[in-house]
């Protein structure tokens, strides 16, 4: 158990480091290596690479036996699990993801100085918080639904639906908050800029997504747990 905990901790750090780098790598491939200008064709090619990138990370998560790069994924599992798991996730896994993201951004800035400044808030705090909260609520609800559903071609179809959902929500929120839905990745860029402890950052990119995650988990439990209990009860009666 302890060895598995260490493995997950290291996996979270490595995947978080790789995730913040992967977005920049995709842009470099599309615009620098392939030489596309900022046109609709370039955006379509970028979307295709982004989907392939998400499949790659889904595979890495499977190989690492549960390593993830997003604190909200961990938080959703932690809320649904026991208190010991909750403490491990909040006290170890989420800090590992944040640290991995910070190191990843530092590495990018050191190796590729023209990398940019990361996502920024382009609206007021209330609108930004509502945007990130709603986006997170939707994507966590979709993830919980996929986890609870049996689909033919399980891994491929679930990853395909999840990837398209994330990209769609990202595009919807990109002009407002960056459409991040990942506090650790945003923290990496905010730390590099020096605005990681501002009210805007904490409310929009941490508090709102956490609230969205909690609401999604609660509503999912409220809607689907009674159904599962009824099924279990009817099975026992038939026995």
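Please read every residue number as a count from 1 along the shown chain.
Backbone N, Cα and C atoms are what each Cβ position is placed from, and that goes for glycine too.
Quick look at what TrEMBL annotates:
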TRANSMEM  7-29  transmembrane segment
TRANSMEM  41-60  transmembrane segment
TRANSMEM  94-113  transmembrane segment
TRANSMEM  133-157  transmembrane segment
TRANSMEM  169-191  transmembrane segment
TRANSMEM  203-224  transmembrane segment
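Counted over residue pairs separated by six or more positions, the transmembrane segment (133-157) shares at least 3 Cβ pairs under 8 angstroms with the transmembrane segment (203-224), which defines the two as touching. When Cβ-Cβ distances below 8 Å are used as the criterion, the transmembrane segment (7-29) is approached by residues 46, 49-50, 53, 56-57, 60-61, 64-70, 74, 92-93, 96-101, 103-105, 107-108, 112, 115-116, 182, 184-185, 188-189 of the same chain, each at least six residues removed from its ends. Proximity of distant same-chain residues to the transmembrane segment (169-191), defined by a Cβ-Cβ separation under 8 Å and at least 6 residues beyond the stretch ends, is recorded for 16, 19-20, 69-72, 94, 97-98, 100-105, 117-123, 127-128, 131-132, 135-136, 138-139, 198, 201, 204-206, 209-210. Packing against the transmembrane segment (94-113) from elsewhere in the chain are residues 9-10, 12-21, 24, 28, 68-71, 74-75, 183-185, 187-189, 191-192: each is 6 or more residues past its ends and has a CB under 8 Å from a CB in it.
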